[in-house]
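Q: The structure's right below; bear with me while I get my questions together.
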Amino acid sequence: MMSCNWGTELWDQFDNLEKHTSWGIDFLERYSKFVKERADIELSYAKQIRSLSKKYHPKRSREDESRYSWCLAFAATLRQLNELSVQREELAENLNTQIVCELTRYTQEVKTERKTHFQDGRRAQQHIESSWKQLESSKRRFERDCKEAERAQQVSDRIDLDNKTDGEKRCSLKARQTAQQKKQAAEESRKDYMTSLNQFNQDQHQHYHTLVPVIYQRIQDMEERRIERICEAMRSSAEAERKVLPVASRCLEVMMDAAEGIQPRMDTRQVVEVYKSGFDPPGDVDFEDYSASMRRSISESSYLDNRAEGRRQSRKLWPFIRKNKLLTLLSSPRQPPPPPPTSPSPGGVASSPQSPPTASREPITQRLNDLMTSGSRTRKQCLRSLKRGIGQLSLKLGSGPADCSHLPPEQRRKKLQTRINNINQEIQREREQRDALLKMREVYEQSPQMGDAVSLEPRLEEVKQSLQRMEDELRKNQAWLSEADSRLSDHGSRRQSGGCGLNSQVTTPGSSSLKQLDNRSPASRESPDGSYTEDNSAELQFKSRSSEFDDDFDDEEPLPSIGTCKSLYPFQGQNEGTLSMVEEELLSVVEEDKGDGWTRVRRNLEEEGYVPTSYIKVFLDSSAKGFVQSSRLV
């Protein structure tokens with residue numbers, strides 16, 4: 001089996017080991033960058049999911065959203081989607097803190113450690129190279145000295161062979177001395193060479209068998225720790241994501257349960273509960289004999305369109321009548337414009353409360369007549385003017401009666417039942433508070449040091465009066481509910497017996513059907529669009545006119561802005577058709593005040609409604625003034 005010891009197997013691969021460890025650290029940095037980018041993607045995904053959930057979540061609480069199972073299922077899906085975004089954010093945070101930060105710190109440590117190990121390796125390499133150079137130097141010196149000693153000996157021997165004269169003898173003696181010195185120097189060089197050789201062999205043995213194995217072993221250990229750290233980082237990354245899976249699975253299970261909880265039959269039953277009016281279907285239409293010279297008679301259960309005296313009357317059946325926007329505006333509760341808060345006026349006098357105008361400068365009937373006689377080019381402006389008048393009229397009508405008699409029978413019963421339930425809850429709370437006060441008074445009477453029992457009397461009296469008022473209100477609403485139930489039971493009995501809400505008795509030739517309808521009790525004057533009508537002939541005439549331009553009214557385009565306004569006081573628009581605003585708020589003006597104390601404004605091209613004119617300061621555009629004047633002339 002091949003050994004895996006770098007010190008023995010790779011003793012001569014110092015440069016390659018240096019390149020390999022450098023590439024390993026680069027890989028560590030590259031993996032850290034990968035995890036960081038992955039965490040950024042997870043964080044971005046979580047933000048987008050949260051934004052999507054918030055975008056499709058209902059902006060405000062709607063009763064319909066909590067009534068139908070499909071709305072509840074979608075709301076539950078959005079909540080679980082938001083929970084998934086939270087888990088993704090936690091995953092991104094874990095990747096950053098547990099992996100990216102730790103790997104960044106470890107990278108700096110391993111760089112420092114690697115630098116130390118390779119510095120030690122370079123010093124050992126430099127030492128062995130220095131020892132080798134010294135050996136080479138002593139070897140060359142020994143070789144040179146040996147050659148010089150040999151040449152000196154050859155010269156000395158050649159002179160000794162001549163032996164001719166005294167001078168030559170003296171030269172021979174000098175040559176022998178020189179040869180002896182050279183020989184002695186060569187011997188010393190030989191000793192230095194042997195010493196350097198022994199030293200180099202020792203250094204080389206220590207380098208390749210001691211220093212290099214130790215240094216390379218440290219480098220190998222460092223490399224194994226780096227690989228192990230990458231392994232731990234990959235394992236932590238997978239573990240962090242695996243921790244998210246159970247929560248994500250639970251969220252998906254909740255989504256599945258929410259989807260399976262949708263009940264179409266129950267939702268359609270809820271629609272019946274919400275929109276059921278309690279009216280009876282119309283009865284049979286009687287035969288109208290035009291051959292006889294008699295006034296037209298009709299059953300009380302018919303729906304007349306008495307547009308004008310002597311005009312041919314047209315009728316529609318209840319199920320096919322379209323609920324008109326204008327009737328909705330007429331029946332919506334509105335209030336007169338409130339007076340502005342008392343504040344010093346520019347003249348130093350406090351502003352007096354603003355009284356609502358007694359009549360609009362553009363009555364509804366006048367606007368209807370203008371609409372009927374106008375051409376196609378000005379029809380939309382007439383429609384807008386008519387809608388404006390209707391809105392102002394509805395503002396002045398005020399809220400409906402306390403007994404909810406303006407509602408259809410079924411809706412009235414539900415409204416009264418809800419009111420009774422709320423009153424019962426309030427009574428229960430007041431009774432609990434009264435019992436607590438009575439018990440506290442008893443404790444104070446038994447232990448005067450704990451408190452004064454007399455101090456509780458005002459509060460007790462206040463609670464008793466509040467209870468009395470609530471009980472009176474409860475009895476009154478219960479009476480109204482009993483009346484509504486009795487009327488519903490009467491309608492039901494007539495329906496089961498084959499009759500209709502209005503008996504199909506034929507009128508005599510001299511009677512007026514409209515007069516008979518007007519003489520009926522208020523409880524019987526019920527309209528099919530969900531409201532009671534006090535004047536049937538006026539309503540029928542109004543419906544006949546409004547039905548002719550209902551399609552044009554539906555396709556009405558938003559009015560252009562004719563200027564801006566700045567709110568002087570805060571206003572709470574609690575009635576339908578009004579718009580709330582805060583102080584110093586800038587709004588767009590859609591229509592000027594027509595003398596009734598209300599100005600039509602718009603916010604952000606979406607919210608539109610009426611605000612009191614005395615609460616704002618209007619700045620009209622110069623280009624829009626001509627348009628306003630021309631629209632008034634239409």
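Heads up, the Cβ atoms here are built off N, Cα and C, so glycines get one too.
According to TrEMBL, the compositional bias 'Pro residues' annotation covers 334-344. The feature compositional bias 'Polar residues' is assigned by TrEMBL to 502-524. Positions annotated as domain 'F-BAR' by TrEMBL: 4-267. Annotation comment: TrEMBL describes 406-483 as domain 'REM-1'. According to TrEMBL, the feature domain 'SH3' maps to 560-621. If you look up TrEMBL, you'll see 328-363, 394-415, 485-539 marked as region 'Disordered'.
Buried or exposed, and what's around them? Tell me for each listed feature.
A: With helix defined as DSSP H, G or I and strand as E or B, the domain 'REM-1' (406-483) counts 71 helix, 0 strand, 7 coil.
Summarised as a single figure, the pLDDT of the domain 'SH3' (560-621) averages 87.
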Q: Could you put numbers on the helix, strand and coil content of the domain 'SH3' (560-621), residue by residue per DSSP?
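A: Residue counts in helix, strand and coil order: 3 helix, 31 strand, 28 coil.
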